Amino acid sequence: MFVDRLQLLNFRNYEELLIDFSPGKILIYGANGQGKTNLIEAIYYLVIGKSFRGKDNSLIRFGAESFQIGAKISKNDQKTTLGVEYSVKGKFFLKNGQKQKSFSSILGNLKGVLFTPDEPVIFFGFPANRRKALDLFLAQTSKTYLLNLIYYQKVLTNKNALLKQVWNVDNLIEAWNYKLAEFGAEIIKEREKCLKILNDIINELNAQLRFLPGKIEASYKTSGADDKEKIFELLKQKYTEEKDKKQALFGPHRDDLNFYVNGRDLKIFGSQGQKKGALLLFKLSQAVYMAKVSGEKPVVLLDDLYSEFDKEKREALEGFFLKYSDQVFITATEPIDLKNYHQVVFIENGKVS
Ligand SMILES: Nc1ncnc2c1ncn2[C@@H]1O[C@H](COP(=O)(O)OP(=O)(O)OP(=O)(O)O)[C@@H](O)[C@H]1O
């Protein structure tokens with residue numbers, strides 16, 4: 001799939017933009033602070049239903065009251081339009097001109113993989129960031145996963161509210177625990193299954209790209225249990241602890257994902273370069289997974305990749321991304337290697353040419 005056309009209204013420093021894109025490799029270049037990342041942000045907004053770096057109200061162009069993003073997506077000659085409109089009154093999504101109840105009904109219509117220079121620090125920071133990265137990927141590829149996640153979150157919110165009550169809620173908690181164990185086990189099963197596949201892809205890619213010397217392992221770490229009965233039992237045992245802390249402490253919302261190179265945890269022992277390399281391999285493996293397992297090649301968005309890697313690694317990476325993606329956006333401050341691109345877009349102060 002690829003983004004055929006993008007339309008912006010009062011989004012960040014874009015007052016009005018209408019641009020057609022070709023499939024293939026697209027260079028977005030311009031000086032610092034001109035709106036390159038803003039463009040990537042707008043496209044990825046339609047992938048995950050929100051910005052990857054800011055709150056909705058900060059995306060409205062200074063002085064305006066709302067923003068709109070619209071895109072035409074091409075998939076096997078089939079065209080779909082997606083859109084979002086936001087103002088302080090609220091936001092709504094559109095698919096083919098029809099208002100949607102929520103973003104989840106259109107999630108997956110535009111599949112995407114994003115890499116930004118800040119990401120390694122965020123990803124190797126708090127466990128919540130790693131869970132979010134995995135969830136955002138899995139939710140794009142599996143509707144069942146998305147639904148289990150939505151149900152789990154709803155039940156979790158109810159349980160957390162109950163844990164704050166002063167009166168006796170033991171029976172009610174047990175009913176919510178049962179539901180948490182049911183949805184939670186499904187979530188864990190999918191995460192583990194997908195990580196197994198990603199692991200193989202990561203190592204295959206690493207053998208070819210030679211990013212990190214050694215065997216890489218992305219491993220899933222549960223906060224205590226991984227099947228329905230065991231989770232339910234664990235929640236029963238830990239009830240007093242949860243009641244004391246007034247919050248749900250066990251389950252997939254507390255699980256983690258760690259990257260090991262030759263058995264050593266990258267988060268603890270990895271250099272900045274190794275972390276970047278591992279995360280890129282993880283992203284690349286997601287594109288491969290989408291292309292091979294779910295049968296749909298995603299759009300790949302690489303922000304500022306040029307400042308991250310030398311020419312040889314860059315070219316190898318771009319080549320791989322292009323193999324498993326129908327469209328790769330790359331931002332840079334300099335117009336280098338122009339002949340390698342299917343389209344080149346110059347950005348200056350929120351205007352493109
Ligand atoms: N809500 C907003 N309204 C208007 N302009 C905004 C808004 N938010 C950010 N900007 C402007 O967008 C510009 C930054 O754009 P962006 O982050 O896309 O830069 P960039 O081209 O990727 O630069 P760099 O190469 O430095 O990363 C800044 O000039 C900033 O003032």
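From the backbone N, Cα and C atoms, a Cβ is placed for every residue, glycine too.
Computed over the domain 'RecF/RecN/SMC N-terminal' (3-345), the whole-number mean pLDDT of the model equals 93. Taken from TrEMBL, the feature domain 'RecF/RecN/SMC N-terminal' covers 3-345.
Within its own chain, N32 (ATP binding site) has T333 as residues 6 or more apart in sequence whose C-beta sits under 8 angstroms from its own. Marked as ATP binding site by TrEMBL: G30, A31, N32, G33, Q34, G35, K36, T37.
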(message) Helix, strand or coil by DSSP: which one applies to G30 (ATP binding site)?
(response) coil
(message) Under a three-state reading of DSSP, tell me whether K36 (ATP binding site) is helix, strand or coil.
(response) helix
(request) Return the residues near G30 (ATP binding site), defined as same-chain residues 6+ apart in sequence whose C-beta is under 8 angstroms from its C-beta, sorted by sequence, else 'none'. (result) K36, T333, F346, I347, E348
(request) Please determine which of the binding-site residues listed here (G33, G35) has the lowest count of neighbouring CB atoms within 10 Å. (result) G33
